[in-house]
Amino acid sequence: MAQLVDEIVFQSGVKLHNRIVMAPMTIQSAFFDGGVTQEMINYYAARSGGAGAIIVESAFVENYGRAFPGALGIDTDSKIAGLTKLADAIKAKGSKAILQIYHAGRMANPEFNGGHQPISASPVAALRDNAETPLEMTKEQIEEMIERFGDAVNRAILAGFDGVEIHGANTYLIQQFFSPHSNRRNDKWGGNIERRTSFPLAVLAKTKQVAEQHNKSDFIIGYRFSPEEIEQPGIRFDDTMFLLDKLATHGLDYFHFSMGSWLRNSIVTPEDQEPLIDKYRKLQSESVAKVPVIGVGGIAQRKDAENALEQGYDMVSVGKGYLVEPTWANKALNDETCAEFADIAQQEALQIPTPLWEIMDYMIVDSAAEALKHQRIKELQNVPIKFNSGEYTAYGRGHNGDLPVTVTFSEDKILDIVVDSSKESDGIANPAFERIPQQILDGQTLNIDVISGATVSSQAVLDGVSNAVDLAGGNSEALRCKAKEAVAWSSKTIEETVDIVVVGGGGAGLSATLTALDKGKSVVLLEKFPAIGGNTVRTGGWVNAAEPKWQGDFPALPGEKETLMLLAKTAESEFSGEYLEDFKVLKAQLDGYFTDLENGKQYLFDSVELHRIQTYLGGKRTDLNGESIYGQYDLVETLTSRSMESIDWLSEKGIDFDRSVVEIPVGALWRRAHKPKRPKGVEFIDKLSKRIQEQNGRIITDTRATDLMVDNGKVVGIKAVQADGTELILHVNHGVVLASGGFGANTQMIKKYNTYWKEIADDIKTTNSPALVGDGIEIGEKAGAELVGMGFVQLMPVGDPKSGALLTGLIVPPENFVFVNKQGKRFVDECGSRDVLSEAFFDNGGLIYMIADENIRQTAANTSDETIEREIKEGIIIQADTLEELAEKIGVPTQELTNTIAQYNACVDAGQDPEFHKSAFGLKVEKAPFYATPRQPSVHHTMGGLKIDTKARVIGKDGEVIQGLYAAGEVTGGIHAGNRLGGNALIDIFTYGRIAGESASDLV
């Protein structure tokens, strides 16, 4: 039997000074892009020296292949410098540095990968709640992935690592290709066990090839494997031994078990108590026997390690022990007792990065609990499906309360599902109500993926059916564990020619499509999500446009005159170029208005020039690098001059605007918003999409645009892929319009470009649709488009602290906003711009409270009495009969809050705010009951994007127009500059959406 202190020499000739390696424990502490942090270097340096080798945790080989946040990357050459520092820190004390390389495959959560749908051998989701169904990799993608692994090995060598460990375990991509559960292919990469070994073998071959190219005969190559899978069908131990024999034949330095205990027995047949290492030694081939094998799991003290070697392992891998005992190897070899727990005050001393420290409890796996979990899954998969026949109604939790679901059962089958969605929001939820029931019926399983963009509604349907199953005497837990069928995958390619293709089904895309249809063009609109709507359907519906004749019928509010007087006093040096001429025109207009006020004419003023100047000043910002930005004049001039054109066009298309009130959205600076009578943005989506259908326009959902087709600098078409893998190749006679939105749901992309905010938290919430991940910007940039303003991102100050959503709680007009901090004090002009408000929120702790009374509650247009009552019960809104009681409930000083409200009410009476200069006042806070809505900034709008001209033509990096390519909406930059006014987003999408449709139709 080998001893812990014995050296070991690998086939490559590399020698380790003992039989201990530090296991590749994920510490989740890399930069947002996967770069090495100093915390990581310190962590590994503190643990090196004693062990023969340190295996550094999973490094993703492709940008969208992360399995967890804070993952380490080796996907680009830019990572080499940081990895070099890491390797040097490990090797400086005598340990060999080995880097584990992997791709998560279907385990790549879109949340950690910019919203990108995961990939795998086949479109089969993992057996876990809400698992995303992956895209099946094409043959070309498989070859590219093998090259990516080779590139990763090359970078590891350049960074100075002594070897790599190929991560073929933990249900990640390499294991997925070997697994009969996740690999249902019938080509050279799958179909039988022999072909399922092809991908792991190809990765090994590529690894060896790269090492040979560097003349690195002494480069360590290891392979980590999970011996079994619980899934049906899944990897069994005999299968694993077949794979290991193939790998060993090609030459390896070691195999590395991946399991929670070195003494673990089978998870497939737990009644068989024989340890897997014993089975391994009995079944090993001659080739496998020559490769050292590492045992892992449950090795806390020297005795554990020695027992593992005695059981048959050649080496031991220590994970959790090294977390709390950085010198574990030295202590174990000196027969000292190793710590098994860390004191709460030891984080700094142990050099444990904060992300790891915060999740260490969750990283310590309870082996007994894991065994029970596996046994439970196995039992549930064998439970017979039986019901008490009949019709049962149960409920799930939807957006607006309980969602009734009526399910009809036979004795062994779900026969029918009827969802009563009458109280749910239109548009965005519809696919969930149609698709989820059908998928349940087709598969007779509750193991169903939620619909992208309709997560809450999807879960409500699933929960409703689950509850109905239990009412009918069935076992909903068993149905949730029942394997889902593989997606019927298509290798079909559809090729056709149309006049125009529009990418994105939000307001900009629908406007462009309808405009082109009006001009007699054939148009196809592609939407990657199951439902159209994008961010537009999530808005409050406010559309800015200066309409002085209409606005002049409304009285001026207290504070508005003061706002205009301050604006008129702005130094002319603040204005650049043609904006100065507009400012001079505006000052003359204001002189006339002030005269009218003196003569008793108390009306609301507005003009196109005021809208333009406020858009300019509202967007004029300087970033952290001292770079200033403001809206490109001709783009802003076009937007503000043609805004009423857009309002009239929308009215013509059936939008019924409420002319009884003129409103000011959050951060709008002025009352000029037009709003439909039907609440929220769904009115625009509903009416415009119906017009498109009436004119035989084609809207294709579940279809993701991937690449523009460019010929001699001109865009001549676009490629896309549908949810079932069908490829679309669409040639265009006129052009392609990109209207796919910004990247507000892609935190990594925001952090990559950010130059404005001091910090963007990894867990910051967003008001955006999860579809908005910047793919349209990436597609355009690949075709040569110039990007502008990418460093600026707008935060919505009044986001929901839990979800990031905008339209929860009491969202009232800003003239009725009253913000207080945790000291119960006001701290800002509540009518200020969004970035100013967000910064003020951060300066006051991030979370603040919006205070309202019963009268102000009645002005909330985002909600209903029923929703308010529900949100009070849930704690989204806090209600009290007195201000004193409200202060107690939200934890602010009672006297401060009552004084603050008294002072605010005095400002309303006086029509001016000496301390914060609030620009408009509405109602006082005086009628019980009183309300507080907690709010916190969330990502709302990304300011940068593709550069366009006033014809919505995309501009290339050479400054020239890219023929055949147009863009509109948040996918573009240059209009709003550093900050967008509330209400300007919708007028932007409808104005430039129409312009894009016009230009593409007319071949401008």
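Placed from the backbone N, Cα and C atoms, the Cβ positions cover glycine too.
Features of the protein shown, as given by Swiss-Prot:
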| type | residues | note |
| --- | --- | --- |
| MOD_RES | THR455 | FMN phosphoryl threonine |
| BINDING | ALA508, GLU527, ASN535, THR536, GLY540, GLY541, ASP775, HIS941, GLU970, ALA985, LEU986 | FAD binding site |
| ACT_SITE | ARG834 | active site, proton donor |
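A map of Swiss-Prot features onto the structure.
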| residue | record | Cβ neighbours (10 Å) |
| --- | --- | --- |
| THR455 | FMN phosphoryl threonine | 14 |
| ALA508 | FAD binding site | 36 |
| ASN535 | FAD binding site | 28 |
| GLY540 | FAD binding site | 20 |
| ASP775 | FAD binding site | 25 |
| ARG834 | active site, proton donor | 24 |
| GLU970 | FAD binding site | 35 |
| LEU986 | FAD binding site | 29 |
Original post:
Whole-number Å distance between the CA of ARG834 (active site, proton donor) and the CA of ASN535 (FAD binding site)?
Top reply: 18
Original post:
Rounded to the nearest angstrom, how far is the Cα of THR455 (FMN phosphoryl threonine) from the Cα of ALA508 (FAD binding site)?
Top reply: 24
**OP:** Round to a whole number and give the Cα-to-Cα distance in Å for the pair ASP775 (FAD binding site) and THR455 (FMN phosphoryl threonine).
**Re:** 21
Original post:
From the Cα of LEU986 (FAD binding site) across to the Cα of THR455 (FMN phosphoryl threonine), what is the distance in angstrom?
Top reply: 25
Subject >> DSSP state at GLY540 (FAD binding site), helix/strand/coil >> reply: coil
**OP:** Determine, from DSSP, whether ASP775 (FAD binding site) sits in helix, strand or coil.
**Re:** helix
